[in-house]
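Pulled from TrEMBL:
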type: DOMAIN; residues: B:9-130; note: domain 'Aspartate/homoserine dehydrogenase NAD-binding'
type: BINDING; residues: B:Lys106; note: NADPH binding site
type: DOMAIN; residues: B:138-316; note: domain 'Homoserine dehydrogenase catalytic'
type: BINDING; residues: B:Glu191; note: L-homoserine binding site
type: ACT_SITE; residues: B:Lys206; note: active site, proton donor
Number of protein chains: 2
Amino acid sequence: MSINIAILGYGTVASGLPIMINQQKKQMTQFVGEEIKISKVLVRQKNTFNENAAEQFGFTLVDNIDSIVNDPTIQIVVELMGRIDPAKSYLMKILRAKKHLVTANKDLIALHGQELEKCAKENNVGLYYEAAVAGGIPILRTLASAYASDHITKLLGILNGTSNFMLTKMFEENWSYDQALSKAQELGYAESDPTNDVEGIDAAYKLAILCQFAFGMRIPFNEISHQGIPSITKEDVSVARQLGYVIKLVGHIEEGNNGLEAEVVPTFISVKHPLASVDDVMNAIFIESDGIGNAMYYGAGAGQMPTATSVLSDIMTIAKQVHNHLPVDHFNRLDQTIVSGIESQTEVKKQYYFAFETPDLSGQFMKIASWFKVEGISFEQILQEKGTNQLARVVIITHEMSKKQVEQLKKHINENEDIQLLNVFNVIEA
Amino acid sequence: MSINIAILGYGTVASGLPIMINQQKKQMTQFVGEEIKISKVLVRQKNTFNENAAEQFGFTLVDNIDSIVNDPTIQIVVELMGRIDPAKSYLMKILRAKKHLVTANKDLIALHGQELEKCAKENNVGLYYEAAVAGGIPILRTLASAYASDHITKLLGILNGTSNFMLTKMFEENWSYDQALSKAQELGYAESDPTNDVEGIDAAYKLAILCQFAFGMRIPFNEISHQGIPSITKEDVSVARQLGYVIKLVGHIEEGNNGLEAEVVPTFISVKHPLASVDDVMNAIFIESDGIGNAMYYGAGAGQMPTATSVLSDIMTIAKQVHNHLPVDHFNRLDQTIVSGIESQTEVKKQYYFAFETPDLSGQFMKIASWFKVEGISFEQILQEKGTNQLARVVIITHEMSKKQVEQLKKHINENEDIQLLNVFNVIEA
């Protein structure tokens, strides 16, 4: 006897699955209770690579989703095609055919997860997607189990390996943004159009999924603001180093009085904070909660083996329940299906980094300082440096302030022609 | 309807449970399917504190274990008494009465876990102990689920908060060992007899439990060697700082050709390694595996709320299965019950730190270097400093070498009267 699975797609991650299943067969069979067998793989077209694999591992290549949907021997389907179309329509068919589903498709889950989960529940099948967020980090199952009696107040995540690799190079090697991007593209970390990675869109997808597991709330994806890394200059990096920070692209969800605030934004992180040591393509999620307190989960964000291992954990969890004729648990057992927008008036307060460029004249700093004073915001650190062309650079690390206060400040600044606001980033102390 | 639990002991962690159960009632009930209710608490003697709690939270204080063992309405028992006696005999009674058990008692699990687990299996009840290792870090359930299809090759853990607090102070404030110990005792982190914490015994208990979950093997506790932190001097700290390391007490399990090597030992960790930023009383476990790759799990090692949250997660996991009339999963689903000693001939290779004191005469360094040359060991870094009283201090960071080679070296050193070996620690690069 065996539990038969089908895979949709045979790219990098998918092709790691039969290798791992072969290598860990004994351990997996002991866990599940019977063998897991890849029975069919859906490919757009056959080629030497997937035909050789089919022969070596004994599965059948198919090019029509219906030959999987209508196969009563297949109990679990693994979707590794990516993108929304045709993945979404395939997955709906599979769920309606009462087959359990495992996917690593974060775009699809972030945008259409609710519809898919509803369909899974109606058909009494499992829908698992641990690998959709931070590939090698078992963060979703951890949130759904270890935090089941806890109350999370803040979640900070370095969720995009490509941008983190670039920022690490900009920091450690003093590279410009463009140099870092070229290297990331050369190494295959960044696509020719890097928008999703560098603008924080990929991280925002992951943040939307994390929000459901950590706070039991669904945030519409378009309500998560995202600010990318292209505006980060060598001067920002140099200031960060001088003041004892690194710069990371951070996904940030925090509970305020009236709801959640969620954003992806370049962030100055104190070198003493555990997130500061998360370098290169690694990911990490830092969580603050009433019970567990501060915790961090660190690991690979992507890659063949880490992602395949996450996918296999989901398959095994489902397979074990199938083997024992038990109802399959919902993946997100904390889902309160509260459909909640983000409150614009949350009183979440954060520290900020402001970088200004001003004519190098006396009185300019006083002018800047006065805008902050009007809003009642005090400073933690100030740095003024001579720039080029008679310009000076003024950097301010503020004490805590609200988003509303930041908007007020920007108004003052915009009313003034000779002082330019170069960048506003978040700040996290240790 | 409710699931009734009893608690053995009403100390710091136990008294956090009713508070948390009250606060998170809605969320917990949704997860489990019905309410969890504390019905009885076993105390040695009644006092104002536990009597007030009994009245406030509506449970009954009892002073006889049999009133819990023989109560058919109690389904889950939570042991938070600590120590071996009488906890062990109580737990055997409870398991034989077919009640599920949750405990945070690491000494008991490390020393008698096998016997207790056998008894639990025979009686078809669950035995869960997430809080026994690294209080607030859900490491055991993560090893049992996310790593179910993976192959772990190395585990490094900062597992004792007290010694880590002391080392952080010795490093950041330049305190001596004695100063750090006084402060730890003053803050209640260290007991008046700090042996278990500072000698690595507490960490070795935890390492024994981690070994079962990470490698599916039981190591007899007395086969885990442990070296403590009292021998660490200000000079060691100063050298570490100069060469780019911090010093941590690390539990280390590594797979060699012929088995596992497990030890707790002071370790130079490169400041670029994620474990280097684990400061104060925090714990972390760093894992290397074929599938997930490098990962780290960071959080509080002890404390009322983190530990109580871990205990509650175990209770809820069991309670959910009880509510659904399902057989309760074994906590360690990977347990291969391979009873394996540690091979003395594992070819595990590590880098080491050697600190010598020699008369400040020419030729002394050559003599030391020659011993390493005989064993074929090369150096990564060397530092020679003038000491006091015509003595010099020689520090060597080696390339990788085996334990057997370390022993050979110590023989050469012992044969020589004027050169003293001050310390040998492990070294971990980033």
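Placed from the backbone N, Cα and C atoms, the Cβ positions cover glycine too.
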Taking DSSP states H, G and I as helix and E and B as strand, how many residues of the domain 'Aspartate/homoserine dehydrogenase NAD-binding' (B:9-130) are helix, strand and coil?
62 helix, 23 strand, 37 coil
Specify the count of other C-beta atoms within 10 Å of the C-beta of B:Lys206 (active site, proton donor).
24
Measuring Cα to Cα, tell me the gap between B:Lys106 (NADPH binding site) and B:Lys206 (active site, proton donor) in whole angstrom.
7
Could you tell me the mean pLDDT the prediction assigns to the domain 'Aspartate/homoserine dehydrogenase NAD-binding' (B:9-130)?
96
Packing count at the residue listed as 'NADPH binding site' (other Cβ atoms within 10 Å of its Cβ):
22
Measure from the Cβ of the residue listed as 'L-homoserine binding site' and count the other Cβ atoms within 10 Å, all protein chains considered.
12
In whole Å, how far is B:Glu191 (L-homoserine binding site) from B:Lys206 (active site, proton donor) when you measure between their Cα atoms?
18
